[in-house]
């Protein structure tokens, strides 16, 4: 957590403008928290422009050289963190072929299922949900090609609607999703409602730091072309501390956090203590 104090230093004029924008974003994240009753169903966190953005490239989910290449490359590292933390929390053998056997996991914002499938292969009973119908169709078609993933339950729905249905899971995944929702606080309340008491929640996102602005937006979208331009908006990012506080307000306590660092020489990502750009958090829900 020491890295929290390392953001946004030595700001020039442009950086100060961006910092003011980030302050507004933080206000937006927390402004409604005191008004939420714990048993109130959160309103939808969807943003129409974000749905349209991902619907336009939905057919490329399983193209490892397409717009989602960064996620394909990062996936083994994300899964290593998930496997390690879930096995430790649920007292499973991480060396087992199917260490997540018997666990019910929901993949919120599953896209084309690139996380749902390996979770199912590790033995979990997986539900993948996404608000973009094209994503769900692609995910189902791809999963049906492999007997080990054909039993994944893919649904075109939202976390909020799952809450209304009374669904709960041992573990809730929301990877690279929270930066695209309208109300992060409401979204985290939905994730909490979907998690059983003492269950696990894993969230990954991008830090609202100047380094993230330079690498995740300027470099990744406009220079290297790794992502379509406009994929991310810097002011929608959360700092690690903001994420921790929002989750705490939702009854979820962050227990472990790690950063993702890209090595341009190997073309691979690795886990790191550096949370200045991409980071992932493992959290557990309070025993209500």
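Here, residue 1 is simply the first one shown, and the rest follow in order.
Glycine is treated like the rest: Cβ placed from N, Cα and C.
Residues annotated as S-adenosyl-L-methionine binding site in TrEMBL: 78, 109, 130, 175. Sequence annotations record features per position, and here TrEMBL assigns Mg(2+) binding site to 176, 179, 180.
Note: the Cα of residue 180 (Mg(2+) binding site) and the Cα of residue 130 (S-adenosyl-L-methionine binding site) are spaced 12 Å from each other. Among the binding-site residues 78, 109, 130, the residue whose Cα lies closest in space to that of residue 176 (Mg(2+) binding site) is 109.
Taking only the Cα positions, the spacing between residue 130 (S-adenosyl-L-methionine binding site) and residue 179 (Mg(2+) binding site) is 15 angstrom. The most densely surrounded of the binding-site residues 130, 176, 179, judged by C-beta neighbours within 10 angstroms, is 130.
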